[in-house]
Amino acid sequence: MSSSLASFEPRGRRPKRLMSPASIMIYSVLFVAAIYYLIPLYVMVMTSLKGMPEIRIGNIFSPPVEVTFQPWATAWNSACTGLYCEGIKVGFFNSMKILVPSVILSIIIASVNGYALSNWRFKGSELFFTALIFGAFIPYQVMLYPLVIITRQLGIFGTLTGVIVIHTIFGMPILTLLFRNYFVSLPPELFKAARVDGAGFWRIFLQIMLPMSLPIFVVAVILQVTGIWNDFLFGVIFAGTKNFPMTVQLNNIVNSTQGVKEYNVNMAATILTGAVPLLVYFFSGKYFVRGIAAGAVKG
Amino acid sequence: MAVSRRPFAPMRNLNAKVAAVPMIVTVFVVFVGCTLWTVIYSFTSSRSLPTLDFVGMDQYVRLFRTSRWTVSLKNLAIFGILSLTFSLVLGFILAALMDQKVRFENTFRTIFLYPHALSFIVTGLVWQWILTPAYGVQKVVRDLGFETFNFPILTDGRFTIYAIVIAGLWQGTGLVMALMLAGLRNIDDEIWKAARVDGIPAWKTYLFIIIPMMRPVFITTLVIISATIVKVYDLVVALSNGGPGISSEVPAKYVYDFMFSRGNLGQGLAASTIMLTTVLIILVPWAMLEFRPEKRRGGGSK
C-alpha cells in the first residue's frame, strides 16, 4: 500500500508540495488511521457521560443527548467490587501508595547500578549486566511462585512492601540499561578530570553525573510511572486484597457478575484508571517516546 | 568519603560492587534461582504445596492432554502470528507515511501512540464495550439498516481470540510505528539521494534498499513484541476472561489459574516452563546472531 502511494512521488520523499495527489493520499490514510485510534477514547468518554436509559436505546457512537456526570461520581465514590462499594478511589490511592515508593526506589537502585556499570566496571560486571538484560525476557509466570515463597518467608507477601520490592526487581533490567547507556554516552573526560581531582565513586555520581542526567531521570520516571500504574499481575498477586491497585479494582468492578451492569459507570471508572498514564503521556511527549525506544536500543 | 589519592583497585571495586548488589541478587536469586526452582518443581507431583516427589514428565503429559492447555497454545499461536504480522506491516506503513515530511507529524504520532500508555486492562475493557453485541458494533450496524448483520465476536467462541488481536493491535501498533520511524530517521539521506539519482522509484527504494538496511530494527522489534506476546495475560482477563467457555484462554492465564486459584501447582509450573521454552526458542537464535561478533561498548551508540 505504501509502495503504490509512494510511487506517485517521482523524487523520493523530499518535495513538500502539499496538494499533490500523493500527499492527499498520504494524509487521508493517516487521517483514517487516526480516527480508528481515537474511536475507543471517544466511545469511552461518550458512554461515561450518558445515563443508562440512553445507553440502552442509543448507539455507542452517538454523543449524549443529556450530559450527566453522575457516572463519574458513582465510579469514584461508590462503584462495587464484589463485596465492597467504595468506588475506584480506593484503588487510586492504593496505586499511588504502590507507585511513589516503587518509582523512587527502583530509580535510585538502577541509576547507581548503571553508573557503576559504565564508569566503574569490575570483573564480571558486564556478565551480570548481560544476564540482567536476558532475564528481562523470562516470562514473569516462570518466577511467580518462587517469589511468592520468598516474599512469604520475608513476611512481605500480600503487603505494600512486597509489591514495591517486586516492582523494583522487575524494573531493574530496563532502567539499568537506560542509565548505563546514558552514562556511557557522556564524555569520558569529565569522569577522568574528576578522578584526577580526587573525587570518588559517590562524589562523582552526586556532583557530576546527577546534575547532567536530568533528562534520563525524566525518561526513567515516565517509564516507571506508566509501567507500574498499568501493572495488573504483580498487584493482584503480591499486594494483598486490601492494597489492590486501581487496575485490579477496575477489572473487579467491570467484570463482577453481581448486579445490573452500569456501562456508563464502568466507562467512567476505565477513563479514571487510564487518566494517570494518559496525562503523563500527553505532557511528556518526546520523553515517553525515548523511554519506550530505550527498550529497543541494544546495550 | 572523598578519596584523596588515586584509589587502588580493591577500594574502587568495593563501591561499584556495593552499588551492583541489587543487580547481582536479582540475577542470581530471581532470574536464575527462581527459574531453576520452577523448572525443577515442574517435574514433581506438587499440588497445593510444593513437594520434591519427582514424577518425571507426568505433569507435561497431563498438560498436553488437557484441552484447555491445547486451546491456550492454539490461541497464542493465532494471536502471536496475527499480532506480529499486522503490527509490523501496519507499523511500518504508518512510519513510512509519517516519514514523508507530513505536517502535524507530532499530532499524528501522539494519536497513534497514546494507546500504548494505557494498561491492558483499560484496553481490554474498552474493546469489550465496543464489541459487545447488544450495544456495540453489531447494534450500530443494525441501526444503520442492516438488520441481519451479525458480529458475534465476543459471544461465539470461534472468534473471540480475534477480538483480543484487534485490541492488542490497537494498543501495540503505535510502538512499532515509533520504533520504525526512529529506524527510518537513522537512514542516511545520501541513500535517498543516490536512489533518486539512479531513478529508482520510492517504493522500490523502500522495498529493496531501506527495509534490508533496517533489518536490525525489524529483528529487535520482532523480539520485543514476541516476548510480550508470550506473556499476554491482562488483556485476556479484561476482555473475555478466557471465555466464552475456554475458547479464548492463553498460556499465561492457565499458569495463573492453576497456581493461584486451583491449587494445582505442578500443572502451573509445567505450563510456565513451556512458556519459558517458547521464549528461549525465539531468543536464543536472536542472541546468537546479535552477539556473535564482539561489539560491546560503543556498539549501540551510533
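FYI, residue positions are counted from 1 along the chain as it appears here.
Just so you know, glycine gets a Cβ as well, placed from its N, Cα and C.
Remember, TrEMBL labels are computer predictions, not curated facts.
These features come from TrEMBL:
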- B:73-286: domain 'ABC transmembrane type-1' (DOMAIN)
- B:21-43: transmembrane segment (TRANSMEM)
- B:76-98: transmembrane segment (TRANSMEM)
- B:110-130: transmembrane segment (TRANSMEM)
- B:159-184: transmembrane segment (TRANSMEM)
- B:205-230: transmembrane segment (TRANSMEM)
- B:269-289: transmembrane segment (TRANSMEM)
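Contact check: the transmembrane segment (B:21-43) against the transmembrane segment (B:205-230) gives fewer than three Cβ pairs closer than 8 Å, residues 6 or more apart, which falls short of the contact criterion. Under 8 Å from some Cβ of the transmembrane segment (B:159-184) lie the Cβ atoms of residues 75, 78-79, 82-83, 86-88, 90-92, 94-96, 98-99, 109, 112-116, 118, 120, 123-124, 126-128, 131, 152-153, 210, 214, 217, 220-221, 225, 228, 232, 235-236, 239-240, 243-244, 247-248, all in the same chain and six or more residues away from its ends. Sequence-remote contacts of a segment are chain residues at least 6 beyond its ends whose Cβ falls under 8 Å from one of its Cβ atoms, and for the transmembrane segment (B:110-130) they are 94, 136-137, 154, 163-164, 166-168, 170-175, 177-178, 232-240. Residues 35, 38-39, 41-42, 46, 59-60, 62-63, 69, 219, 223, 226-227, 230-231, 251-252, 254-255, 258-259 of the same chain sit 6 or more residues outside the transmembrane segment (B:269-289) yet have a Cβ under 8 Å from a Cβ within it.
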